[in-house]
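Okay, handing you the structure first.
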Amino acid sequence: MAEESVDILVLGASGFTGKYVLRELLKFRNVTGREPRKIGIAGRSKKKLAAALTWAAAASSSSSSSAGAGGGNDPDNASPPSVVIHEADVNDIPSLRAVCRKTRVLVSCVGPYRKYGQPVVEACVEAGVDYLDITGEPEFMERMEVLYHEKAKQTGALVVSACGYDCIPAEFGVIFNTQQFEAPSVPHSVDSYLVLESAGHRIKGNLGTWESAVLGVTNMSDIRELRKSRPRRARPQIPGGPAKKKSGWVHWEENAGGWAIRFPTADPTVVRRTHSTVVENPSGLPTADNEGSPTSSNANKSAWTSIKPVHYGCYLIQKSIIGVIAVFLIGCLMAVLSAYKFGQKLLIQYPEIFSLGIFHKEGPSEEEVRAASFKMWFVGRGYSDSKTISPGKEPDKQVLTRVSGPEIGHVTTPIVCIQAALLMLDERKHLPKGGVYTPAIVFSGTDYLQRLQRNGLHFDVISTTKI
């Protein structure tokens, strides 16, 4: 089967998160009334890939009866899947080009993306193959946009990063919250508050996530230089004017029931990129099915109506002052040590020590994964009547919504990633023709949010009040 073409290929399927992404994909291999989807996996070692496939197939079969209907899965068929296995290495460009020629959609789970991501994007763009990944690294995402956006538009490759926990809950959580402001009301700002929970276990992350964070802190100057080198992007005109600044880095957030710490994550940068793209393309983007037609510029304009630009802030919730101190201590250790080569090596070599036990080389156990969950609270503030907004007027309406789901890194990330990949595969003609875009730009005009709800995530309106 080495030369067989596939529908979706997971690159890095034997990695920490890759095997969970593969497990989730196998749930949707069978489609009622159609031929099974053809699945491929790729990586440096066929032996490790085969072991990951054996694990993922067994785990997928045991959980398939609870799979959602978003991808057309047939839970009754639990036979061992036929999966094409390719050897490919990010340092071997011909091998990447070879796997690109054998798939329609490539899902990259090879991180840190700063180190390994660019050759994969380049190979997909050159081949005109759709690409998505699960990165949360802003510098990588923005650099890929600079380097490959125009080429991807020419070749018809759709490149979508941040299709994991970073940044799907944030992007679609903001969209869901702002949708609750029905005319004549308008939103002004949305703040999100992340609460990580675990029943009887400590929250635990894997080495790949920790290494990406360390490299991000180490190379913060790179993203500043990149942004300075680019033309300033369009900024939306948000009703009510500038955001009202919160004092300090920590504040008590009653809605989420804890201390809120400003969170240096990719979520705000991705949300801002989405809003800029909407402003820069007021009539929408050409889609794959009618590019070049007189109405192609309006083809997905309906998607734009669901995206209402707002000021967005992202916070992490800690239930106690001790938790707040721990977060600041980890941040200080990373900031100090990452300034030196030996410090960077120490951080990556001993994640358990410098993350205070949160990140481990072996990652979380299956029991720890099953016990973990998340809640992300969204506090939206705006105006009950857009016609009454005047300079200096404070928002008078608040909408509280919540996105919740299972463990973020190994369960939620595969869910949101695979539903995005299935949309790329099954609804490609209704998506943008090609280019490097954020998830909301590509999927906001589809049933993506409904797919997530059918597969384990929850989007709830908690309250709407006057303030």
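Each residue, glycine too, has its Cβ placed from N, Cα and C.
Curation plays no part in TrEMBL annotations; they are all automatic predictions.
Not measured: the values here are computed from a predicted model.
According to TrEMBL, the protein has these features:
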- 290-300: compositional bias 'Polar residues' (COMPBIAS)
- 8-160: domain 'Saccharopine dehydrogenase NADP binding' (DOMAIN)
- 62-83: region 'Disordered' (REGION)
- 227-248: region 'Disordered' (REGION)
- 278-300: region 'Disordered' (REGION)
- 321-340: transmembrane segment (TRANSMEM)
For the region 'Disordered' (227-248), how many residues does DSSP put in helix, in strand and in coil?
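With helix first, then strand, then coil, the region 'Disordered' (227-248) has 3 helix, 0 strand, 19 coil.
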Same-chain Cβ contacts of the transmembrane segment (321-340) under 8 Å, 6 or more residues past its ends?
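Here the qualifying positions are 213-214, 217-218, 250, 259, 261, 346-347, 354-356, 358.
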I'm checking region-level scores; what's the whole-number mean pLDDT for the domain 'Saccharopine dehydrogenase NADP binding' (8-160)?
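89, rounded to a whole number.
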